[in-house]
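Q: Feature annotation from TrEMBL assigns transmembrane segment to 30-53, 230-251, 257-275, 313-333, 353-377, 448-476, 496-520, 560-579, 599-621, 633-655.
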Amino acid sequence: MVDERKDGAYGTPQKYDPTFKGPIYNRGCTDVICCVFLLLAIVGYVAVGIIAWTHGDPRKVIYPTDSRGEFCGQKGTKNENKPFLFYFNIVKCASPLVLLEFQCPTPQICVEKCPDRYLTYLNARRSQDFEYYKKFCVPGFQNNKGVAEVLRDGDCPAVLTPSKPLARRCFPAIHSHKGVLMVGNETTYEDGHGSRKNITELVEGAKKANGVLEARQLAMRIFEDYTVSWYWIIIGLAIAMVLSLLFIVLLRFLAGIMVWVMIVMVILVLGYGIFHCYMEYARLRGEAGSDISLVDLGFHTDLRVYLHLRQTWMAFMIILSVLEVIIILLLIFLRKRILIAIALIKEASRAVGYVMCSLLYPLVTFFLLCLCIAYWASTAIFLSTSNEAVYKIFNDTACSVAGKTCNPETFPSSNESRLCPGAHCQFAFYGGESTYHRALLGLQIFNAFMFFWLANFVLALGQVTLAGAFASYYWALNKPDNLPAFPLFSAFGRALRYHTGSLAFGSLILAIVQIIRVILEYLDQRLKAAENKFAKFLMTCLKCCFWCLEKFIRFLNRNAYIMIAIYGTNFCTSARNAFFLLMRNIIRVAVLDKVTDFLFLLGKLLIVGSVGILAFFFFTHRIRIVQDTAPPLNYYWVPILTVIIGSYLIAHGFFSVYGMCVDTLFLCFCEDLERNDGSQERPYFMSPELRDILLKGSAEEEGKRGEVEE
């Protein structure tokens, strides 16, 4: 049964060993040095977290900061009842200085409410509205100065415009004109010095400022959508979890039927998507504005605009049609291989059935990954907020001391204030000049690197655990009598006790490649403004190469972990043996392994498509659930995309158990063919059904290959 062509370049096939009965229990620790490095790195990571938590202040992220560096709306402070930040002149936020200093060069104060009327300082001083106006002046303002002095010293804003709070900051309501003075055909306001200016300048300036802050506003609108739709998002993810679990359970008992049902359902779901796109395309025929092209419309953050264009639905219909055709063609050409893959999936279903607790192991991986993400995110936030408040001198006109650091307590009596009478000492940003502050970038890189290392370690631990459990099933000659009592817990204990170093080694290699990719992405963002085409080309090539390298390392690590679970060898030996074993059976890899991956992908698409369609109809108010309707949203695509991505991750978590089972059984099958010949002295460990289909399919492929070579 062993092909002579398999010897030589890709190692020697395994020999018959009558004592081999599956995963070796008498094994020793592997890659101890990597285990020590991992423990030292974790100790250093904890130290970095403690330092970050000591110096950081996450309130800087949550609460806005006024010109004196004090938080708005923070409990226990004098601004506790003033949750909103008010800008004296929002137009100045459009200054390039905002991009350099991350702070608008205009006085900012904390207020109880944003302005709800149009009012100038000069008009307010002459009317009964002055008490209202004083709420938007600096704290402790006394009306003992002239108008020119008040505006020069920045004690009060020159004008109030109706504003609305967004992310706890007051932004002008562009469409409000209440209280505006009408002079002829022009809309004007008085600037506090007695002169009148066109209100269009204020509006255009506000629009320009809003353009600078558009990204922040988009992020905050998305955050607002999450705050009102999180409940329904969780329900959607719960539905995805139930569907995934139901699908896996049915796959255990009806593997063959479920695979074909899955294939038919995917085709039907895509067909319905094509039909729906055509109906929307036909419905928009003749409607005003529906024939505008996507290029002419440009980019809009409100994606609902695109749904009123016929071209959008035409694009969706073409994409779904191409995907439908590709899947149908693949199914036609792979129909025989699908039958072989179904046999492997049936065997995997039996293995999962005997190790049912393996379906719950993704919850352990999910919990550990959540711990890694939580620690990384909290450390990153504390590191980014561990800077000190830096105050700088701001001035509207040219000044020799503008941009220098200052002390707001002593600035009024300093020489700088005399050199620049109109200057202000206000909060600029958070920074510092100490050794710790200079090392913050390095600490953030170390934080990201440790996150990748620990996350990959958690995934590797899950893969070795599942591989050990399913290998115990395969190498049990009399199933399930020879199966260990607790195969999953035994495999988990062996992985932690003997192979922590090997898992750390494999995950370290992957983490290094991932952090290099992150650095390349960072450099690519910095080079976007450059005109050096060679640098851009080189960066693109490097990103592509490291992407391919990461995929290859993931594939190699996965199979190396299976060999570690079976034989207990170190990482390098396991990776080499797994690679050679796959190369000696490269045709079977193409026939079985990738076809099963394709079938599992269809299963994920079926679950994601079903939940995604349900989320689309619900959040667009086309259906109601138990008399409830979706909440009003800025962008309804936010919860829909969240549900779709979350559903895919949940489905991937459940299908990953089957995927690991199939990969383990496949490697064990290849080992079984090399070790045994099916005789009574050397019987196969595979089931008779699996043996008949796999050997027949493999023989056909070998025959076709021989005909091509002749």
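Residue positions begin at 1 at the first shown residue.
Backbone N, Cα and C define each Cβ position, glycine as well.
A TrEMBL annotation is a machine prediction, not a hand-curated record.
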Q: Can the transmembrane segment (257-275) be said to touch the transmembrane segment (599-621) if we require at least 3 CB pairs below 8 Å and skip pairs under 6 apart in sequence?
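A: When sequence-distant Cβ pairs are counted, the transmembrane segment (599-621) touches the transmembrane segment (257-275), since at least 3 lie under 8 Å.
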Q: Per the definition of 3+ C-beta pairs under 8 A with sequence separation of 6 or more, do the transmembrane segment (599-621) and the transmembrane segment (448-476) touch?
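A: Answer no, regions not in contact.
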Q: Counting only residues 6 or more past its boundaries, what in the same chain has a CB within less than 8 Å of a CB in the transmembrane segment (560-579)?
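A: Cβ under 8 Å, 6 or more out: 10-11, 22-24, 27-28, 30-31, 34, 460, 463-465, 467-468, 471, 491, 494-495, 498-499, 501-503, 505-506, 663-664, 667-668, 671.
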Q: Determine which residues of the chain contact the transmembrane segment (353-377) at the Cβ level, with the cut-off under 8 Å and only residues 6 or more beyond its ends counted.
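A: For the transmembrane segment (353-377), the nonlocal Cβ contacts are 49, 245, 248, 252, 447-448, 450-451, 454-455, 458-459, 461-462, 465-466, 469-470, 473, 479-480, 483, 487-488, 653-654, 656-657, 661.
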Q: Which range out of 30-53, 230-251, 313-333 gives the transmembrane segment (448-476) the most CB pairs under 8 Å?
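A: Highest pair count goes to 30-53.
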Q: If we skip the immediate neighbours and take only residues 6+ beyond the ends of the transmembrane segment (30-53), which ones have a Cβ under 8 Å from one of its Cβ atoms?
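A: Sequence-remote neighbours of the transmembrane segment (30-53) are 375, 378-379, 382-383, 386, 436, 443, 446-447, 450, 453-454, 457, 498-502, 504-505, 508, 564, 568-571.
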Q: Do any residues of this chain, six or more beyond the ends of the transmembrane segment (313-333), have a C-beta under 8 angstroms from a C-beta of it, and if so which?
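A: Hits for the transmembrane segment (313-333): 263, 266-267, 270-271, 273-274, 277-278, 280-281, 284, 294, 307, 598, 602.
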